[in-house]
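Participant: Straight out of TrEMBL:
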type	residues	note
COMPBIAS	1-10	compositional bias 'Basic residues'
COMPBIAS	11-33	compositional bias 'Polar residues'
COMPBIAS	51-64	compositional bias 'Low complexity'
COMPBIAS	65-75	compositional bias 'Basic residues'
COMPBIAS	78-94	compositional bias 'Basic and acidic residues'
DOMAIN	340-431	domain 'PDZ'
DOMAIN	438-583	domain 'Protease Do-like PDZ'
REGION	1-33	region 'Disordered'
REGION	51-97	region 'Disordered'
Amino acid sequence: MVETRKRGRNSKSPASTTEAMDFQYSATTSQNESITAQNDVLVAANDAVLDATANNDAKNPPAARRGRGRPRKSGAGHTEDTEPHMGASPERRPYQNGTMVVEPPPQPVAKWESVAARVVPAMDAVVKVFCVHTEPNYSLPWQRKRQYSSSSSGFVIGGKRVLTNAHSVEHHTQVKLKKRGSDTKYLATVLAIGTECDIALLTVDDEEFWKGVSPVEFGDLPALQDAVTVVGYPIGGDTISVTSGVVSRIEILSYAHGSTELLGVQIDAAINSGNSGGPAFNDKGKCVGIAFQSLKHEDAENIGYVIPTPVIRHFIQDYEKNGAYTGFPILGVEWQKMENPDLRLAMGMKPDQKGVRIRRIEPTAPESNLLKPSDIILSFDGVNVANDGTVPFRHGERIGFSYLVSQKYTGDTALVKVLRDSKILEYNIKLATHKRLIPAHTNGKPPSYYIIAGFVFTAVSVPYLRSEYGKDYDFDAPVKLLDKHLHAMAESIDEQLVVVSQVLVADINIGYEEIVNTQVIALNGKPVKNLKSLANMVENCTDEYLKFELEYQQIAVLQTKAAKAATLDILTTHCISSAMSDDLKT
């Protein structure tokens, strides 16, 4: 997450920050108490060994004694040690019966080595990201909100580039980077922003920035219980911070910023606001992920998530291959599990056949003319799909088959085997990105709008719903809009959900003041496909009246010439420079 700072008011995270996911500070306290309790056990054990040694010495005095009292503690510090020391030298234990006991390295007991100590060279590649954001005002789309500042983390990779989170630099007007131990902030350029995977790629033109910095090396996807060290600049201080933990889960996660589902790694390391974009290192000092969100729940503690290296590599290779970020493709179908035996029999499946049933197919997806509802997906690219929609992942693990799709790139083809009417069919399907009727992001573009006679028309998006109804928009927004947000599919690439956002009160629109966020179905009997088509129909209308057909069988009628004449006065009254956004003028 991003640490935000605002002059003259309380700190506020940007709207793009993972809202459903946050960090619980109590988790850190709980972890420290647990570690303290473990240290007390180690101290008690050492005391017991000393007492036994003292009693033994009273009966059998040793030939020589070196030192008295409790053995010196290791300078590494108990509160951050997470892994047994596996050095080449043997472990030396206290004297017993006058003889020093030497044990081989594989059985260390009380000496630990911090994972952080192994990644010290790579820590110099971790930078602090300072960003000034200026978000669009979706409720008043002709203007922007007040700017605010945030700080997060990032790290240097090959090719003189820096990785951080997409929500760390979303709607940026200025981005600066500061190296560890430096007092200089360098201006950065944003090369690409991947909204689905929450990754952004930056660079710095000043050659001074790259001196003395070695790029981070990427490691493989970690296994369960592997040690990880998260490095970054979280709240609570200005210097670099290191927290350690282990990998506790690997599965398909919901990415809060991108509203997508991709491979993710769950860890139990303490992660706080400002850690966003910071690397997660394994015990060999190689980066295995990027910290980006955490679970906020009263029953959960120390649950943080990192973007794993397969997703990171996909983002980087996509940018290098296409010169821009093109996104993660999807199959474009909604499917149903086939775990019920009667359902499988009714669909004509044999006992040895497994798969999932297609419920709906997106009309804009390339496979819409190949696949059909009630087709059974048996395999994807030669990998068999189970009745619960999972595929083999690693030894003893399974994962959702959408993972196989996310490994592809936009424009790639995939071999899909389906069962239709008890016949097995195979199709080579070209994969494309998702076209949502209500998009999750505007990809940095300002919102579109059109104004006529005080009626403000705009296209609905998730940022617009969040602006109108707050972060709990999925509970507070009108049922009709939520239904379309969750279930409706775009019939064409350029289809938009157009609504009357509000009515700027004037004499010409008396009686329409209460029309708010109501969908526009048609104008003078012609369906409204998108906002641009609506603007063109109004501007070119030669009929005497403008008749807007709205949701819930409402209509709004305006005299055409009077409406166009009144628009200029209304724009002047509300200090609006133009009746339409720039993208509608072309």
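Backbone N, Cα and C atoms are what each Cβ position is placed from, and that goes for glycine too.
Caution: TrEMBL annotation is automatic and unverified by curators.
Values in this document were obtained by computation on a predicted structure and should not be read as measured data.
Show me how these features fit into the shown structure, please.
Facilitator: Counting residue by residue with DSSP, the domain 'Protease Do-like PDZ' (438-583) contains 52 helix, 35 strand, 59 coil.
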Participant: Count the residues of the domain 'PDZ' (340-431) that DSSP assigns to helix (H, G, I), to strand (E, B) and to coil, and report the three numbers in that order.
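Facilitator: Final tally across the stretch: 15 helix, 35 strand, 42 coil.
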Participant: As a test of reading the model: what is the averaged pLDDT for the domain 'Protease Do-like PDZ' (438-583)?
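Facilitator: In the predicted model, the domain 'Protease Do-like PDZ' (438-583) has a mean pLDDT of 94.
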